[in-house]
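Here is what TrEMBL says about this protein:
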- 12-31: transmembrane segment (TRANSMEM)
- 18-470: domain 'Major facilitator superfamily (MFS) profile' (DOMAIN)
- 81-100: transmembrane segment (TRANSMEM)
- 112-141: transmembrane segment (TRANSMEM)
- 161-183: transmembrane segment (TRANSMEM)
- 195-214: transmembrane segment (TRANSMEM)
- 280-301: transmembrane segment (TRANSMEM)
- 313-334: transmembrane segment (TRANSMEM)
- 346-366: transmembrane segment (TRANSMEM)
- 378-398: transmembrane segment (TRANSMEM)
- 418-440: transmembrane segment (TRANSMEM)
- 447-466: transmembrane segment (TRANSMEM)
Amino acid sequence: MADVKKYPGNLTVFVFLTCLVAATGGLIFGYDLGISGGVTSMDPFLIRFFPSVYHKEKENVSTNEYCKFDSELLTLFTSSLYLAALIASFFASTVTRVFGRKWSMFYGGLTFLVGATVNGAAVNVFMLILGRFLLGIGIGFANQSVPVYLSEMAPPKLRGMLNIGFQMMITIGILAANLINYWTAQIKGGWGWRVSLALAAVPGAIIAIGAFVLPETPNSLLERGHEDAAKAMLRKVRGTDRVDEEYEDLVIASNASKAVKHPWRNIIQRRYRPQLTMAILIPFFQQFTGINIITFYAPVLFKTIGFGNQASLMSAVITGTVNMVATFVSIASVDKLGRRTLFLEGGIQMIICQIIVGTLIGVKFGVTGAHIDFSKSYAGLVVAFICIYVSAFAWSWGPLGWLVPSEIFPLEIRSAGQSINVSVNMFCTFVLAQVFLNMLCHLKFGLFYFFAGFVIVMTTFIWLFLPETKNVPIEEMVSVWKKHWFWGKFIPDEAPPTGTIPQQPFVFYMVSETGDRTFSRWQTLISPRRTAAATS
């Protein structure tokens with residue numbers, strides 16, 4: 001493993017405050033996840049925009065409980081945001097690379113704020129969907145840039161803890177949305193849903209203003225040619241003037257990045273196969289844990305299994321609180337226990353809980369979905385196991401699904417890699433949001449077994465194919481893949497780990513724009529200072 005002791009590892013007040021402000025980008029994603037499910041369970045909202053769903057729910061108490069909310073138009077309201085986020089993430093990649101991480105966050109927050117305003121003032125379904133698309137663009141930009149920003153700012157030994165601040169803000173946003181829904185549902189006059197949707201402007205304004213005052217990362221400054229500013233920022237970030245070694249490693253990575261003119265073309269090269277695979281499968285598996293289904297459909301789900309209106313919203317508040325508190329477990333342990341340990345333990349815990357929850361619901365409703373009143377103790381048991389499931393996700397696949405992809409890519413393809421991570425995440429979220437209620441209607445309690453099967457597959461995948469990345473400097477991550485039993489054969493021997501110095505004084509490692517050793521269009525990876533040191 002790479003030597004992780006050579007870089008300063010202290011957490012300065014400047015870095016802590018900077019990462020705290022940047023992490024607020026997670027608020028907009030979390031708020032939306034929590035608010036949409038609560039709003040779609042409010043009767044005034046359904047009466048105004050989705051009357052057929054409302055009448056189907058109210059007019060016949062013997063309706064199949066699994067199919068009460070089966071409406072493609074209703075799910076389009078929720079899922080349209082994620083389609084917009086998917087598209088936006090590709091544009092965000094260019095903005096992040098060319099203009100910097102902070103401006104990508106700023107544009108995301110500003111667009112989200114506008115979308116919240118449109119939704120709060122909506123008078124028809126078109127305005128609802130338009131607002132959702134604007135919200136999605138904001139989320140696409142923020143989710144693309146914030147995890148990368150946090151990973152680049154953090155010292156290697158504390159990168160996991162600081163990056164998980166993004167997931168912590170997501171959970172705070174979810175909990176805040178659940179509490180707001182519980183309050184607005186009690187507003188007389190039936191306009192509480194407007195308050196819930198319009199208040200999304202608050203987290204949008206927080207990240208927009210915060211991003212405007214944030215400094216840029218040393219990596220981004222170097223990538224855009226500001227060498228002196230990058231070194232000054234690195235000194236400030238590390239709280240010491242002894243940053244020469246880390247700075248030179250960043251220069252090497254930056255030079256390699258500048259040699260790559262087409263990151264989207266380069267990312268499919270064989271040498272990047274391990275990172276590309278993780279950037280696709282980790283977000284895919286993260287969504288197929290079923291967590292977002294429970295998150296933004298929690299009130300609908302609890303209402304479906306027999307809870308009343310207020311009881312379903314309060315149950316969502318309970319799971320939101322568990323989600324937030326359990327994330328602290330990951331913050332405290334991710335840089336000590338490592339990513340793999342949390343992934344594996346969380347996966348096993350989720351499998352067990354999903355099987356139990358599916359069985360409990362199946363025992364009551366069977367395959368017919370006949371209406372049955374839950375006893376308080378039985379309903380409490382269902383909520384308890386859902387909470388245990390949520391806690392497992394909150395300290396494993398939730399934060400690590402954003403952390404690991406943001407730290408494994410070399411600088412030259414980092415923005416493209418993160419865009420793939422976000423787009424896969426948003427695409428899977430869109431698909432599941434669009435088909436969930438239909439799946440619930442047809443698969444019934446077996447839906448929980450369906451997701452449990454995916455968790456078995458993805459836990460096995462992590463055990464076999466994900467190397468441990470804790471404490472490894474972000475610019476030296478290639479050494480981790482090189483030593484892996486499977487991925488090592490994809491890393492060419494002639495490509496030294498980023499940051500290494502040639503042993504022969506006059507042998508220079510060069511790469512062309514395509515990443516191959518050729519004798520045309522050379523781009524040296526050795527900085528002037530390293531060259532002088534090597535030849536002295």
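For all residues, glycine too, the Cβ spot is worked out from N, Cα and C.
Owing to the predicted nature of the structure, the values given are computational and were not obtained by experimental measurement.
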- request: May I ask whether the transmembrane segment (346-366) has at least three C-beta pairs under 8 Å with the transmembrane segment (447-466), counting pairs 6 or more apart in sequence?
  value: yes
Field: Beyond the flanks of the transmembrane segment (161-183) by 6 or more, those residues with Cβ under 8 Å of it
entry: 11, 15-16, 19-20, 22-35, 38-39, 42, 146-147, 150-151, 153-154, 192, 195-196, 199, 203, 295, 298-299, 310, 313-314, 316-317, 320-321, 323-324, 327-328, 330-332, 334-335, 394, 398-399, 402-403, 406-407
Message: What residues elsewhere in the chain lie close to the transmembrane segment (81-100), defined as a C-beta under 8 angstroms and at least 6 residues from its ends?
response: 32, 36, 107-108, 132-141, 143-145, 148, 216, 220-221, 223-224, 263, 415-416, 418-419, 422-423, 426-427, 429-430, 433
Query: the domain 'Major facilitator superfamily (MFS) profile' (18-470): mean pLDDT?
result: 85
Message: Give the nonlocal contacts of the transmembrane segment (313-334) in its own chain as ranges (CB under 8 Å, at least six residues past its ends).
response: 34, 37-38, 41, 160-161, 164-165, 167-168, 171-172, 174-175, 177-179, 181-182, 185, 294-295, 298-299, 302, 307, 342, 383, 386-387, 390-396, 398-400, 403, 470
